[in-house]
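Engineer: So TrEMBL lists these for the protein:
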| type | residues | note |
| --- | --- | --- |
| BINDING | 61, 130 | Fe-coproporphyrin III binding site |
| BINDING | 185, 274 | Fe(2+) binding site |
Ligand SMILES: CC1=C(CCC(=O)O)c2cc3nc(cc4[nH]c(cc5[nH]c(cc1n2)c(C)c5CCC(=O)O)c(CCC(=O)O)c4C)C(CCC(=O)O)=C3C
Ligand SMILES: [Fe+2]
């Protein structure tokens, strides 16, 4: 693939795992949501609703623990490969905040770091916003290390294979003929339209999600699948990617008499709130009365393959040599110090 120039760093001093962050107790829920939604025009009713999801989960999102688990596996893989590389953890919306982490890295004498952002995708939320986080944190910390992000990994063989193996397991345990449905976070149509530079045709987010779904289905030997979207916010008047997962399963149950579905949360690396609430709780409850049984596949984040993928992505930037990729849609995101992927990329 000729898309996206891979930055080359040579050996780095550290790896920073950069993620979204989530509340760890009831008292964190509102301050967390305020951080997430600062300046983003999300209606108050939607926020109240999302707050109730977090509250019913004890005020605690699983996301930070899941990221710590990924970091432990990455540290184990590094040790196995004989490498003594410190791994740091920082978030956009909750402690440890990226600014604090970069301050610590600087104090520890780190001069160059690779950054693994926990989203596989292009687009504003999955990519550009992480670049902004990196740029902001570096601006606030004098002497901050130079930081190069690892690329969007939507088509990495280990990512695809882990999802595919878990899809196989789910298909084998579900009723024969169950409908396979991939789901990812919806975004505004307008955001998807400007995801990626204009020269690459836009819609990088939805095209990558569709390509990853196709690759996983093919690797799992699944002949037919659907792709739907979930967890939309924003006022109803603003178009977001559709169909919605609940609407789609309802429709299938009505028009085609579908009774068994296998849901692949392709858009999420781990069992985040969007997975354990929006799918395992809300979707399951909404379609139960229609007699639909939902089998939800596992997510790859906690697997050893995922940690091995992170090491391979790290090797790509250190060596400047592109590793194996399975997809035909561009993968960008490998940029220095929070620079945009390209002119006009994800202007939102
Ligand atoms: C594409 C995408 C990903 C996947 C890429 C990636 O992984 O980064 C993602 C991940 C996540 N989103 C998360 C949480 C939230 N996202 C929100 C709001 C929004 N997400 C959006 C998009 C995405 N989001 C968008 C377009 C909005 C509207 C506001 C805006 O334009 O920014 C809101 C506000 C309330 C609401 O409206 O739902 C919350 C609380 C969590 C943490 C979950 C946990 O705690 O386990 C995670 C991993
Ligand atoms: Fe989100």
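Cβ from N, Cα, C; glycine included.
In the displayed structure, how are the listed features positioned relative to their neighbours?
Structural biologist: The local packing around residue 130 (Fe-coproporphyrin III binding site), expressed as other Cβ atoms within 10 Å of its Cβ over all shown chains, amounts to 24.
Within 10 Å of the C-beta of residue 274 (Fe(2+) binding site) there are 19 other C-beta atoms, taking all protein chains into account. According to DSSP, residue 274 (Fe(2+) binding site) is assigned to a helical segment.
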Engineer: Between the Cα atoms of residue 130 (Fe-coproporphyrin III binding site) and residue 185 (Fe(2+) binding site), find the distance and write it as a whole number of Å.
Structural biologist: 16
Engineer: Please work out the number of neighbouring Cβ atoms within 10 Å of the Cβ of residue 185 (Fe(2+) binding site), leaving out its own Cβ.
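Structural biologist: The Cβ of residue 185 (Fe(2+) binding site) has 24 Cβ neighbours within 10 Å.
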Engineer: Are any of the binding-site residues 61, 130, 185 near ligand 1, with a Cβ under 6 Å from it, and if so which?
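Structural biologist: Checked binding-site residues vs ligand 1; flagged 61, 185.
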Engineer: How many whole Å apart are the CA atoms of residue 61 (Fe-coproporphyrin III binding site) and residue 274 (Fe(2+) binding site)?
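Structural biologist: Spelling it out, the Cα of residue 61 (Fe-coproporphyrin III binding site) and the Cα of residue 274 (Fe(2+) binding site) are 10 Å apart.
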